[in-house]
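One structure below.
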Amino acid sequence: MTQPIVELQGVTKSFGPVEVLKGVDLVAHAGRVTALVGDNGAGKSTLIKGLAGVQPYDGGTVLFEGEPVSLHHPREASRLGIEVVYQDLALCDNLDIVQNMFLGREELALGTFDEGQMEAEAARALQTLSVRTVKSLRQKVASLSGGQRQTVAIARSVVKKAKVVILDEPTAALGVAQTAQVLELVRRLADSGVAVIIISHNLQDVFAVADDISVLYLGTMTARLEAKDTSRDDVVGYITGTKTMTEVEA
Amino acid sequence: MSTEIEQDEPALEVDADAPSLLGKGEHGGVREAVSAYLRRVRGGDMGPLPAVAGLVVLVAIFAAANPLFLTERNIANLFTQAAPLVTLGMALVFVLLLGEIDLSAGVTFGVAMGVFVKITQPGGMPWPLAVLVALGIGVAVGGTIGFFVAKIGVPSFVVSLGLFLGLQGVMLVIIGAGGTYRLIPEPIKAVQNRNLPPWAGWTMLAVVLGILLAVALTDRLRRASSGAPNAPLSIVLAKLGVVAVLGAALVFYLNQNRGTAVRTLEGVPIVVPVVLAILMVGTFVLDRTRFGRYIYAIGGNAEAARRAGVNVPLVKWSAFVVCSMLAVVAGFFFVSRVGSADASTGREIVLSGVAAAVVGGVSLFGGRGRLVHAMIGATVIAVITNGLGLLGFSAGANLAVSGGVLVLAATVDALARKRSGAIGV
């Protein structure tokens, strides 16, 4: 197996006396979709907030393309090419689609915004995602539907040419057709060489799209499986803690 | 511009069946642009439309009720009356956009002006140096509020209310109860009391139009070079045409002799180009630089901005500094007009400043509004003050009407916000 793009080794995180991550290992490979599953409170969100640099880990090592890196600020993660699409989407309602997609990395020319350049790139990104329902790139995000917002959030990582895209419950609030569309999009992202980490409660979605499945149980990684070698019952067992560690080396 | 080839760019292919969104909406044809605008208005983003409508109605009422209202002298008067309020309103826009407030902006300029007039008394400091001292006071006060709000997380309402009270005490110490200092430096007096020669008024208009046209054309060239389509030129020219016609009418009007046959008084008051310069530079910063964009982003969703890598505390802090500095500039316009500073300078104007911004369409909830909105709102309030005064109403009636207008505007803002949240177009 090739070198993973991202590898976490024994990361820990505590909030006061509560130990949320107790030494977690995680790997993500380019071109593969890694599903991160686990029950509520298992530490999934804490794990990805650390990867995003929003909420730094207390201990452990993060290897990016084999090199140890520090992730203490969103900008550091962004510079490495790690992008997170959050469950609450993290879009600014009062800004338009282009402004949101480029927030924090605006294209400048002569010290001021190069709106044309940003617009052209945003249009291309949305076109790759087969977006048909948006009327204008300059539409305020406040006026978009849930599915459209999800698409804008994902398109943001395309525009940023991310190497690792982390999706936090991307299908939780979507209808059937939109879910299918988003999963297809996730597959396309991975096929283009991006390492995708997807967090989901929905095992049907997980098995539809994931190559690898990592199970988090009360702050420890209890299983790392290849989707084609396992079954839904096994995964449920690991999630609920009724089955224990039988690591299948990917 | 960016012609380098990205080696490891994800090889996502464009879906040929999906329509490209380039050249839709505002940047499409005339019909597209108009319908995009209407969609925005229907979505609750009315901007200054209610204020402009209100302004037209008010002017019509006052003009009908009192023939003095539309005289050249009163119009010129209106400009100098409105200038401090317009500037204070624009100052407050920077913090209102963050969803914050600065209740101490008025007394900040009061303290700065108290110090300024005192140190420029005969035998004192040269006035240019004193101007820097006054602006420095603005930076210090804004920096203090910004520190407590952005770094510590105290609500800006409380911090600035504390300063509103505390700075009044500082004023009393500096000036002494009941004391008044006359404004001495001639150049500061001239800002509100002297006028541009008529030719300079026309030059000012030409420069403004030239800058607007140059910016619009540069934008178009830049967009074209990136392969992004432009809105039809006719829309740009139509907007410029409106500015040109309104501007020419005002310059022409203000260039008429409003003095007597013996002592002519004509021309655009000097304060007008100064305010216009602040408006244009400020709008440029808010629309076209990262600092401005991040102010809007934080006002819309501070957490999203933080996750996108924006240094939220620094942007907030800077916005408070800009606000207080511009408030000090408003203070110069105020003392220039009044001719003196006393211990109560700036105490009452701050709520009018907030009212000006909100009436003009700046949202108190943050994230929505432009500097020009504050200017329009301030004009509405100045027209109410001026018109009711001409009609012989008391200051009480004036305050009551201004207050009513503020509540009305805030209601419109809240309703618009509800609507834009509910609508799912």
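Numbering starts at 1 and runs along the chain as it is shown here.
Backbone N, Cα and C define each Cβ position, glycine as well.
TrEMBL annotations: computationally assigned, not manually curated.
As recorded in TrEMBL, the features of this protein are as follows:
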TRANSMEM  B:49-69  transmembrane segment
TRANSMEM  B:127-150  transmembrane segment
TRANSMEM  B:157-179  transmembrane segment
TRANSMEM  B:199-218  transmembrane segment
TRANSMEM  B:230-255  transmembrane segment
TRANSMEM  B:267-286  transmembrane segment
TRANSMEM  B:314-337  transmembrane segment
TRANSMEM  B:349-367  transmembrane segment
TRANSMEM  B:374-393  transmembrane segment
TRANSMEM  B:399-416  transmembrane segment
Listed stretch, out of B:230-255, B:267-286, B:314-337, B:399-416, that has the most CB pairs under 8 angstroms to the transmembrane segment (B:349-367): B:399-416
Positions whose Cβ lies under 8 angstroms from the transmembrane segment (B:399-416), at least six residues beyond its ends: 44-46, 50-51, 54, 351-352, 354-355, 358-359, 361, 363-365, 377, 380-381, 384-385, 388
Distal contacts, the transmembrane segment (B:49-69) - CB-CB under 8 A, six or more residues away: 41, 359-361, 373, 376-377, 379-380, 383-384, 386-387, 390-391, 405, 409, 412
Ranked first among B:127-150, B:157-179, B:267-286 for CB pairs under 8 angstroms with the transmembrane segment (B:314-337): B:127-150
For the transmembrane segment (B:199-218), distant same-chain residues with Cβ under 8 A (at least six beyond the ends): 236, 240, 243-244, 247-248, 251, 254-255, 267-268, 272-273, 276, 280
